[in-house]
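Let me begin by presenting the structure, written as structure tokens, before commenting on it.
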């Protein structure tokens, strides 16, 4: 059990916390103190009544502002994140001490040298890599990285060795060792060829006019080129599957298969055979069918604990067993996961494996809700109108001048999917050649409630405040549909309201005066 105690910087507060644990006979496993006013405690599980009583007593300590449970200590979180990152790297990476002895290595290193981690730690870098004097380089106290061509097991590598400096108790930077990364020259050449040949139009179907969506697309284009697992998060209807496919198409795997599985729509007993195959029936699973390509696991938060364990094993070494068979199969597949759920929350509740979360959370893409991207609403509307009209072979209707105001005022709880369905539904029943606000039927939705949801608490104070401010303006603008009326209602100047509406994309195009 781990607690995060929010507190003031007061002399003796930590001692009072420890005395409280001693008084209750609680065995403390660890304590970590954060300089920004947080103390982390790690101790054995308690009965509910004892735990509730302890929480109440901690809150009564002078200087304590709050206390809550957390799934991990800061050092544990950093260790798990580092381990997941190292495991995801396709290049061999070694960490060596001042004697050039290996103290950490990732799976790619173990595979290259044909040694398990515990045996690699018995070697020095010089015993593993010929042609470079590691000790002499470390003794020279280098300040910059050094690149060197090396040959290992007949393979050519570009070795990059980077010095690691840490601060001592006197705030002096002391050299403690180095990190060695080995880049295969063959792999680097293939990557350059793939970059030149990648599908530059992969993201062309994604509308990105708003700054937030532009940033997400730029981030996705970079992540698409990597082979590590990708986790895409976002509310329902934000386009997670569209981004997953675009990442595949923009990657070196574009010419290989892309398969998608919704973990929430398939019974638990069928998921294993769908993913890994069924030997008695001679059926290949998704991973085997997509060898060399990508697999999207949608709604990963719905996966059962048993399948989570099997997925974790597959992510670690790329091997699996078909149902009803002992033979191991190895494939090269990039796994992309998508979810609208808060995986950290599921980890805290014991519904999602902590180690799997860290394995998936190496590369993440968070898609913003449509209400946070008002500049994208009309371009999306124009796209859906044109697409539907062309599919039906009918003339494209004109968009009414006041349509922008109505659509950008709405909060869109269903995001892009809801907008698309609303436009399609309106066009199927449209009389005439103009799409007007009254043609689009939208369920009542209180936009003001958006700002107090859990997702609205993410980001900086300015971002949270902006979301709340936009929600208030969106809600009130319905009942006070002019800048002067709205300004009077809120007790601010007409100019201030006009600027705010323009900032959030809520202003009408025609003159409101």
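Glycine residues also receive a Cβ, built from the backbone N, Cα and C atoms like all the rest.
If you look up Swiss-Prot, you'll see 2-72 marked as domain 'ACT', on the strength of sequence analysis. Summarising the annotation, Swiss-Prot assigns domain 'PAS' to 78-114 and lists sequence analysis as the type of evidence. Per Swiss-Prot, domain 'Sigma-54 factor interaction' is recorded for 206-428, and the stated evidence type is sequence analysis. Annotation source Swiss-Prot lists ATP binding site at 234-241, 290-299. Summarising the annotation, Swiss-Prot assigns DNA-binding region to 482-502 and lists a curator's inference as the type of evidence.
Features recorded in Swiss-Prot, as mapped to the structure shown.
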| residue | record | Cβ within 10 Å |
| --- | --- | --- |
| 234 | ATP binding site | 20 |
| 237 | ATP binding site | 20 |
| 240 | ATP binding site | 23 |
| 291 | ATP binding site | 16 |
| 294 | ATP binding site | 25 |
| 297 | ATP binding site | 26 |
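Sequence-distant neighbours of the domain 'PAS' (78-114) (same chain, 6+ residues past either end, Cβ-Cβ under 8 Å): 72, 120-121, 123-126, 128, 134-135, 138, 152-153, 164, 175-184, 187, 227-229, 316-317, 354-355, 358-359, 361-363.
In three-state terms derived from DSSP, residue 297 (ATP binding site) belongs to an extended strand segment.
Counting residues per DSSP class in helix, strand and coil order gives 24 helix, 25 strand, 22 coil for the domain 'ACT' (2-72).
Within the model, the domain 'PAS' (78-114) shows a mean pLDDT value of 85, rounded to a whole number.
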